[in-house]
Amino acid sequence: MLKLVLKGGSRPPWVGLAAAVWVQIASASSYNFSLYSHFLKSVLGLNQQQLTILGVANDIGESVGLLPGLACNIFPPWALVLVGSVCCFVGYGAIWLAVSRTLPSMPYWLLFLTHCIATNSNAWFATAVLVTNMRNFPLSRGTVAGILKGYAGLGAAVYTVIYSLVFRKSASDLLLFLAIGIPIFCIALMYFVRPCTPAASEDPFERGHFLFTQAACVSLAVFLVSTTILYAKTTPSDAVAYLLVAIMVVLLMSPLAIPIKMTISSTKTKKLEPRVESAEALASGESDSSSEIEPLLTPSSSSTNLKSFYENDDDGSDAETLLALGEGAIHKEKRKPKRGEDFNFHEAVIKADFWLLWFSYFLGVGPGITILNNLSQIGISLGVNDSTLLLALFSLCNFIGRLGSGVISEHFVRSRMIPRSLWMMFALILMAIAFLLYASGLTGTLYIATGFTGISFGVLYSMMIPMASEIFGLKNFGVILNFMLLGNPIGAALFSVFLASTLYDIEAAKQGSITCIGQQCFRITFFVLSGVAGFGSILSLILTIRLRPVYRMLYSSGSFRLPLSTVY
């Protein structure tokens, strides 16, 4: 009979989740490109295509995370955060030297490389906190992914508030803060991002804790939008500005209330459920033989169903097979994993579901990044010269999409066993509609379309992450996740550089300027992107149909249960 090895006591995972919130905000630094891109363009004399290529470098650095994906199975999370801090310091420091004219003649290729290095810090930060917390809360993957990616979506609004109220819209000061402030901050927090032993069954208090964290996240979002609108309408004094920033910091610290409450509460007399060893420790083979118990766990109904779902009929006798194995007549082969079990990367990449998920994500996130990278120019072309409000709106709706889809999908996946890819399909349809609104060229529809795009963008991020872990397991989740994220730079290169910026520069040349004004600047681009998103929705529908029986097995008991093969 299998034995379960329990790892000795460790801090509650809520401390790590609270620290992860701050690191996720830090990992949103790539969203700042829209804040300093116009300054970069004017100081260095770049054309739109050159600027867009730097935006792609932004996306390449952020999304090429195969190395941190591999490292998360070898090194502790704090090591990944430390590497990310170094990348942040080197990359943004070099960009600041260029725009401040401290280095007056930085070659364009070096500027491209520094953007890649700067935003590659985000891949290290995000991989460290996301993989660690998904393993710490394996039974609430959709909720955890929604919360962390929700805070990451709010990162743009957090940086916008800092940019507006603290730095008074100084792009140079913002870049200096990214180069020095963010690394110091993340290094101070890296010790608290650590693997903990996850619960073997659902904690009765866990739902309340998640609801509190989600409420804190929503409160922060409302505050950030209100502050951004206030600044757009008035110019607050320094005292008011710093007070607003202080309130923002307090709201960011609110998830710490959960571990503080757990520390000072006297209600710890209740015995905790047995805890299975963290997936990270299991993957590395670490154990404490003094704390093993037998038998393992009574398999949940979903685990049993999943096992029976994948069992193949054997015509031969089990006794004959065992005798043949013992005599060496046949060789035992390792059974290939099935959907819902742990895959190696090379096993996952040959599956149709892997590529359906990748293309569904790519065909939505690529157009979304195109809008984000060109948001300032889109606004200027339609008569909105200040993109601050547009970026804050995108950030808020991105947050709503990430957090909301995590909550909604978690409800329906537990109650109706509906695959999360269905919500990706709805998001892609909404994104296709948004691009048609952009193409209309009206100022009013500009804000509506930006909101729709932000929501869709957030849903795609938030759904892809738990889906990758549910279909292909947590053991090699870091590598599989970061391969999925390659859709970001590839989409940015195809749709932003080769499509949007090329057509923009053609229209600008017709006007005899490097700045294009009018609906025609991006109209063809919007029509093409609408078709791309529409095609992506079809792929998501196909994926939903394919995954429905798998989700029925995984969630047949109303809650996710690890398949038997995930217990090593």
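From the backbone N, Cα and C atoms, a Cβ is placed for every residue, glycine too.
Residues annotated as domain 'Nodulin-like' in TrEMBL: 13-260.
Taken from TrEMBL, the feature transmembrane segment covers 78-97 (among others).
The list of residues near the transmembrane segment (109-131) in space but at least 6 beyond its ends in sequence, with Cβ under 8 angstroms from a Cβ of it, reads 16, 19-20, 23-24, 26-30, 44, 53-54, 57-65, 68-69, 71-72, 77-78, 80-81, 83-88, 90-92, 94-95, 98, 145, 148, 152, 178, 182, 186, 190, 193, 280, 465, 477-478, 481-482, 485. Feature annotation from TrEMBL assigns transmembrane segment to 109-131 (among others).
Under 8 Å from some Cβ of the transmembrane segment (143-162) lie the Cβ atoms of residues 17, 20-21, 24-29, 31-32, 35, 126, 129-130, 133-134, 137, 174, 177, 210, 213-214, 217, 220-221, 224-225, 227-228, 231, 244-245, 248, 252, 388, 391-392, 394-396, 398-399, 401-407, 409-410, 454, 458, 461-462, 465-466, all in the same chain and six or more residues away from its ends. According to TrEMBL, the feature transmembrane segment maps to 143-162 (among others).
Residues 15-16, 18-20, 22-23, 26, 29, 32, 35-36, 77-78, 81-82, 84-86, 88-89, 91-93, 95-96, 99, 118, 121, 125, 128-129, 132, 159, 162-163, 167 of the same chain lie 6+ residues outside the transmembrane segment (174-193) yet bring a C-beta within less than 8 angstroms of a C-beta in it. Here TrEMBL flags 174-193 (among others) as transmembrane segment.
The annotation transmembrane segment is assigned in TrEMBL to 214-233 (among others).
What TrEMBL lists as transmembrane segment is 239-260 (among others).
Feature annotation from TrEMBL assigns region 'Disordered' to 281-306.
Residues or ranges marked as compositional bias 'Low complexity' in TrEMBL: 290-304.
Per TrEMBL, the feature domain 'NFD4 C-terminal' maps to 351-551.
Positions annotated as transmembrane segment by TrEMBL: 354-372 (among others). Among residues of the same chain six or more beyond the transmembrane segment (354-372), those with a C-beta under 8 A of the stretch's C-beta atoms are 31, 34, 59, 348, 378, 394, 421, 424-425, 427-428, 431, 435, 438, 450, 453, 456-457, 460-461, 464, 467-468, 471-472, 483-484, 487-488, 490-492, 494-496, 499-500, 525, 529, 532-533, 535-536, 539-540, 542-543, 546.
The feature transmembrane segment is assigned by TrEMBL to 378-401 (among others). Among residues of the same chain six or more beyond the transmembrane segment (378-401), those with a C-beta under 8 A of the stretch's C-beta atoms are 31, 34-35, 38, 150-151, 153-157, 160, 163-164, 169, 217, 221, 224-225, 228-229, 231-232, 371-372, 427, 438, 441, 443, 446-447, 450-462, 515-519, 521-522.
As annotated by TrEMBL, transmembrane segment applies to 422-440 (among others).
Feature annotation from TrEMBL assigns transmembrane segment to 446-465 (among others).
Taken from TrEMBL, the feature transmembrane segment covers 477-504 (among others).
Long-range contacts of the transmembrane segment (524-545) within the same chain, counting only residues at least 6 positions beyond its ends with a Cβ under 8 Å from a Cβ of the stretch, are 353, 356-357, 359-360, 362-364, 366-367, 370, 419, 421-422, 424-425, 428-429, 431-433, 435-436, 438-439, 456, 495, 499-500, 503-504. Per TrEMBL, the feature transmembrane segment maps to 524-545 (among others).
Confidence annotation: the domain 'NFD4 C-terminal' (351-551) carries a mean pLDDT of 90 in the model. Among residues of the same chain six or more beyond the transmembrane segment (477-504), those with a C-beta under 8 A of the stretch's C-beta atoms are 48-49, 51-53, 55-56, 59-60, 62-66, 68-73, 123, 127, 130-131, 134-135, 343, 345, 348-349, 357-358, 361-363, 365-367, 369-370, 373-374, 377, 464-465, 468-469, 516, 521-522, 524-525, 528-529, 532.
Pairs of Cβ atoms less than 8 Å apart link the transmembrane segment (446-465) most often to 422-440, out of 78-97, 239-260, 422-440. Sequence-distant contacts of the transmembrane segment (239-260) (same chain, at least 6 residues past either end, Cβ-Cβ under 8 Å): 11-12, 14-15, 17-18, 21-22, 25, 158, 161-162, 165-166, 209, 212-213, 216, 219-220, 223-224, 227, 230.
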